[in-house]
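According to TrEMBL, the protein carries these features:
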TRANSMEM  12-30  transmembrane segment
TRANSMEM  257-279  transmembrane segment
DOMAIN    308-339  domain 'PAS'
DOMAIN    366-418  domain 'PAC'
DOMAIN    429-650  domain 'Histidine kinase'
DOMAIN    668-790  domain 'Response regulatory'
MOD_RES   Asp719  4-aspartylphosphate
DOMAIN    818-934  domain 'Response regulatory'
MOD_RES   Asp867  4-aspartylphosphate
DOMAIN    973-1074  domain 'HPt'
MOD_RES   His1012  phosphohistidine
Amino acid sequence: MKRGLHTLDKTSGLIVAGLLAAMLLLAFLYSRSQLADTEKHSEIVGVISELRELEAEFQRALIVTRYGLVGSYDELVYTNKRLFQQSEQLQVTLGERAWFADIKKPTERYLALLMAQRESLEDFKSHNAVLKNSLQYLPTAVDNFTATLDKVEQQDLIESLHRLVRLILQLNLSSDPQTVDATRQQMVLVNSQLKNSGDFDQEALRLVLRHAELVEEYKAEVDELVQIAFNVPTEAALRDLFNQYLKLYHGIERRASYYRGLTILLAALLTLALAFYMFRITRVSATLKQTIEQLNFQKFALDQHAIVSITDKRGNITYANQRFCDLSKYTHEELMGQNHRLVRSPDTPDELFIDLWSTIRAGKVWRGDIKNRAKDGSVYWVASTIVPFLDKQQRPFQYVSIRTDITQRKQMEKEVIAANRAKSDFLANMSHEIRTPMNAVIGLSHLALKTPLNDKQKDYLEKIQTSATALLSILNDILDFSKIEAGKLNIEHIEFSLQDVVNQVFAMNCLRAEEKGLEVLFYCDARVPQRLIGDPLRLNQILTNLISNAIKFTEQGEIVLRVEVTHQEDNQATLTFSVKDTGIGLSEQQQSRLFESFSQADSSTTRKFGGTGLGLAICKKLVTAMQGCIGVSSETGRGSEFFFSIPFERTATVAQAKNEISLLRGKRALIVDDTESARNIITEALQSLGMQVSATDSGEQALQLLESASAPFDFAIVDWQMPGLDGIETLHQLRAVQAHHKHPLHCVLVTAYSREDALAQIAQHQLTDIAILAKPLSSIALADQLLSFYASASSATHSDLPVSVNAPDDIQHLLGTRVLLVEDNPINQQVANELLEAYGIEVMIAGNGVEALTLLKQHKIDLVLLDIDMPVMDGFETIGHIRANMMWQDLPVIAMTAHAQESIRDKCLQLGMNEHIAKPFDENALFTLLTKWLSSAALESRHMTDVPAGTEPDCVNLDGVDTCAGLRSVRGNRKLYRSLLGQFKDNYSDMDNTLARVMDQADLDTTRRYLHTLRSVAAAIGATELADVAGEFEQHVVKDSEPAALFTCLSKFSIALNVVLTSIEQVLDVAREAEPQGVTGKSVDYTQLPDLLARLEMLLNEADLDAAEQLPLLKPFITSVSQKAAFSALTKAINSFDFDDALQYLHTLKLSLGTSKELSNEE
């Protein structure tokens, strides 16, 4: 039945829609049939006919006025006025038509001709008035003049004057040439008679002659004006207008007739359709009756399960079903007329009902869970849906509430929440026990990686460290999530530096980005306050999570962190952070569930990239807890942008004094970076400081800009790795060009790569005073560096200022400082001790607080690393004793703890500890803390004496290798230097052949990368000549030189490489001779060789890692150069798990070893 009703409703809807469409079409056709308006047509034709009559009347009036048949211009003016009135009426009537544009031009032409005719009329009126005046006064003037004459003696003159008057009057009425000649002759005669006459009245004579001249002059002009008025083709223009109008109207009439026919046809069809629809209505009425009966059945069924009630707009109950009565324990009579507040539980907050009523009064549906109280005092829960019924004014007049009893479900949820909270409490409290062994695994593997290792050992340890770090990350996510779920997440409200937070985030993440070849960029709005009040740790956690995800899901391109101010008022600023990447992106479906717990994009993402799926859920909860909001904008395959906004309080502290910033205002800076985003960010940062900025994307263009500049530049900020000229070569050439201006050019090299490699390259080019800034570049660090060029070295106090090449490295600030490590766990002692000693720090170890206090009294300590959980005296009690002693009030104390609870960290800071670092240690975080708290202490009290300048370590002279320079690069550590030489020999012994193979494949990018890396390494070990050759080779590759030139470079490179390798072999041989002899000192038993080779081949065929264990047994048999090359290639292939290539190298080695064995037997 329901399906039938649905079909019926659908059919009826289609019919109604069809009828409406037909009626709309009918209205349209009818309107089109009325295009030809006969009344307007008649009006237009009447106006044009009247205009024609007025044209004729105008010409008649002009003639009678000209010849004086009427005494005034009234008729002529009236006729002309009527012409204009009717023409304007015609224009208005035509202008009302939609098709007026088609006859606009002839209408305008006719109106223009009327205007020209009116202008001629005005000229005619003025000229004719003069003419009529002279004609009127000429006879009178003659009479007045003749009255002064002697009628006897001057009779001839009198008669001549009267004849002249007659001729002039005749001339006015005719333009006959004879009359014109006669008039002129008479004028001559009168003038001659006047000369022969005696005295007469000169003024009277002047009037006679003046009027005669005016008549003669104006008569011709008036006649000409009359002719012009007659010649204006207004009648022809009106006729042309009328003809075009008729042609247009007849076309419209034809279309209107066509539409009238269609209208009649459609009206007939619509009549038939209406008749059919009426028939359908009759049938539908019967169906509706059946439907109502069916709905009554359905209502009965609904009442058996749902709790249904209806109230008026005030909430008074007007209907309640039996289920409502059963659950509330009230009778139907008790409920009727009562307000719904009757069943309200006092435990239900007022806010819920405020939201409920505001929603339904707005005409919207409200859904929610409500706790109610029955008549007997028991409580029950219902899932309620309240639907408002609206009147014609769209105002609610009653409400229908449909509810379901969820009391049992609520009880179960309460039990589940309690169980989850207990679980979360357990996980949070387990943090210390879990992190302690993790600290040992990560710390010891990190330290082991710094010791001499073979490739297999290094591979194992790197995998251990990677896996342990991943496990720790997962553990942190789970613990954080557990704390949030357990309601133990506390948000701090302390002052912090935004730049410090960003620096820490980048320190932890940029290495991974560098390994993947990603560029990380940072933009900070100039209006962003650098000192804020909030929770720096949670902000760090959010940013770290987002940037870590961006790096994880981005294979190539860039990642941009932006910080902007979106709202400011009083002492509060709302900052918006965004992390934008060029990674895999997200679909809309993936975005919709991205912030859910244990959720990732999809299962394939989880398999490929790993992770718990908790990171973004934690971010959302942290942002929400900080009164902020978070979101994402993404498109599959085009990257993602995660953004969040958080309000912070501002402090009065400023990051940089305005008078210092003013030093940079107006300075000129040249930016060179091949990445557009990086270039734009640096440009915007410098322009916000009031600097004049020029930017380009290559070193070549930078040189052109510098050469053509009208004024010298003050600063050059140059990226290191660029196509064409790299950053260092660009700076070298920029300084050479700028030298002509005799103006210092302060240079900053920006790099996302190894700072040590950059230092080596700068030293190779013999450049000085080059500052190095690491990407991502912050606007504050850049401003500090630029200001440092104008300030003395002692005035630079910013802890994260980059240093110039001639300044000591950051690590040198730590040399000679003394740190007290207070830790009871021996493994943790070992990890922390070796990390600290690697920075040149003198470490003193105490196993508990009592020992620590004793050492503090006996020695001068620069910093204390204090564990919390220790026997005898724990960290909390120890810090109390330390701060109670006036001598140790300012002593930096950093708490070490494996606890995850926020309360533990808060307690550390409240008791007087300066910082907190979690176990296991993050080396970058530890280094940041040490640099922050020991930099000033190291300057005040240094316990190690620097090596005097000019003192050289003992070194030997080798071809191609400057061992003095190499030892200086490792601060005289001979063991480390020999290790570096050995690694160089192992890694680059076959580099010339590798380059040849790569060049044969035309892979110039890989060739350049190999050469670039080798050049840096060669410079580090003192092989400067090889570094120069590699650098020259690299430039040829970058310039895409001819193959002949490239292979010439390869030949020079091969010679230089072999010289270096030979010298390194000499050094290593001497070192081996000084060591106890092992297996290499024994005689070689070639009878064991076949079995050894066979076993190695079998292991390689089975891809068994035990193959690597056979290599030390095989090494004593390797003697010739070709055997060493094959053995080296075999070793690399096995360590790289490339067993197929390893089998090939083994085959080559077997052939070579077979020849050696035969020679040995012959001897």
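The chain as shown is numbered from 1 upward.
Just so you know, glycine gets a Cβ as well, placed from its N, Cα and C.
Annotations in TrEMBL come from automatic prediction, not curation.
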When pLDDT is averaged across the domain 'Response regulatory' (818-934), the result is 83
For His1012 (phosphohistidine) and Asp867 (4-aspartylphosphate), the CA-to-CA distance in whole Å is 45
Reading the DSSP string in three states, the entry for Asp719 (4-aspartylphosphate) is strand
Of the listed stretches 366-418, 818-934, 973-1074, the one with the highest count of C-beta pairs below 8 angstroms to the domain 'Response regulatory' (668-790) is 973-1074
*asked:* Tell me if the domain 'Response regulatory' (818-934) touches the domain 'PAC' (366-418). I count contact as 3 or more CB pairs below 8 A, with pairs 6 or more residues apart.
replied: no
For Asp867 (4-aspartylphosphate), the same-chain residues 6+ apart in sequence with C-beta under 8 angstroms from its C-beta are Val822, Glu823, Asp824, Asn825, Asn828, Gly875, Met896, Thr897
By a 10 Å Cβ neighbour count, the lowest-scoring of the modified residues Asp719, His1012 is His1012
DSSP puts the residues of the domain 'PAS' (308-339) at 11 helix, 11 strand, 10 coil
DSSP composition of the domain 'Response regulatory' (818-934), residue counts helix/strand/coil, works out to 56 helix, 24 strand, 37 coil
Per DSSP, the domain 'Response regulatory' (668-790) contains 58 helix, 26 strand, 39 coil
Across the domain 'HPt' (973-1074), DSSP labelling yields 90 helix, 0 strand, 12 coil
